[in-house]
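Straight from TrEMBL, the features:
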- B:3-130: domain 'Vitamin K epoxide reductase' (DOMAIN)
- B:7-26: transmembrane segment (TRANSMEM)
- B:53-74: transmembrane segment (TRANSMEM)
- B:81-99: transmembrane segment (TRANSMEM)
- B:105-125: transmembrane segment (TRANSMEM)
Amino acid sequence: MPSGSKSKQEAARKARLEREAAERAAAERKKRLGILGAALVAIVVVVGIVLAAGVFKEDKADNATKTKVAGGAEVKGVKETNDLLKGIPQQGIRLGQASAPVTIIEFADLKCPICKEHELNNQPTIVNDLVRTGKANLEIRLVNVIDPNVGTTDGERARTVANNLIPTNKYWSFVHTTYYNQGAEQDSWATDGKLKEILAGVGLPASAFSTRMTSANRTAQAADQKLFTDLGATGTPSVFVQARGTREYTSVPNFNSVDDIKKAVADAAKKAK
Amino acid sequence: MTDRRLRIASYVIALVGVCAAGYLVYTKYAHGGVCGVSGGCTVVQQSEWSELFGIPVSVLGVVGYGLIFAALTLRGEMARLLLVLFSGGGFLFSMYLMYRAYITLDAFCPFCTTSAVCMTLLFVISATRFVRGPDLVAAATDLDADAEGDEVDERGGVDGELAGA
């Protein structure tokens, strides 16, 4: 066979092999893309089912009872608050017996979503197991940490209204109910109308509503802020326990653990005078 | 970029991701987060979407990265496919959580975002590796280095599992 012909045949064979290799590669790629597509569909279906049927953390405020107040507005958590606080003495910012061996002090912000979680999820157990039983009383001291960060005035306004309720001994009812009706952190929700609705839900007349910074209110705010700073607290909620008759405050870093709070109360009770 | 380099990049990205998710697990259990101190992360971590079936999503993230690490140590087409499935699931779930964080909660959580970015990159790399198939040079190297049983897996794109798929 002439060398020219052989060379042509070799080139043709090479071209055929390359074409076949390219076809195989294309088929392979197509097959892989098909498998990838099927995998993506499977992922979308599985994640979709999980998210649709998934049980995310329950927001107790969403499931709370709604009470209609004057004007037709609905206030959440009135029944739950009344049930929780029923039969427990309220005096100023304190819930529970004054003679209890331990005082649990919580620094909170009515604008703080984590305080809301704590108030709705942990506080009922704390109130029922520690306050109702006389093992401790509970103080909520309001500070304002969120407003300066997000440019709102909700925390400040709600705190002022709450502190003006101290003489009525309905402070606790208002604070607990407000957490059920707390709006989103980025929204301005603590309007006069909303706060008056909460007051109505708590059973107070419209005349109890006041955003005026009275002398007593200023004193209360200053005292709360000073204790907050003196104890080295930097955020809310911050929980401390204090044995009766002492100036010793013990921090409970993991406020989410009711067991930790119970243990801190039991330890502090041994030091009560 | 060779398959080997893409796999190394995946290791590095998964390491960054697991550190971010691990930090979120730590903060979740260490102090539960407080307002006014740690910003958006605690808002996200205390939100309605912070737990799925009672398990913190940060824990689910760590588990997800664990599965990705496990798949990265394996060879073969099935391992590549598992990587696509794990990182794809993580990617979609992360996108949902990012939507909740940024749109619903209007909160910026740098650690959550870092984890979501890592999952996105891992998914892109995993999908790319799967479509490209085994790198021939890398495969040849692996064939030399690996046990005989691994040879079939690594060449699956040609005559292994995938060819039979």
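Just so you know, glycine gets a Cβ as well, placed from its N, Cα and C.
A TrEMBL annotation is a machine prediction, not a hand-curated record.
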Among B:7-26, B:81-99, B:105-125, the most Cβ pairs under 8 Å with the transmembrane segment (B:53-74) come from B:7-26
Using Cβ atoms and a strict cutoff of less than 8 Å, what residues sit near the transmembrane segment (B:105-125) while being 6 or more residues removed from its termini? 6, 9-10, 13-14, 16-17, 20-21, 23-24, 39-41, 43-45, 47, 61, 64, 68, 83-84, 87-88, 90-91, 93-95, 97-98
PLDDT averaged over every residue in the domain 'Vitamin K epoxide reductase' (B:3-130): 88
Composition by DSSP (helix, strand, coil) of residues within the domain 'Vitamin K epoxide reductase' (B:3-130): 103 helix, 5 strand, 20 coil
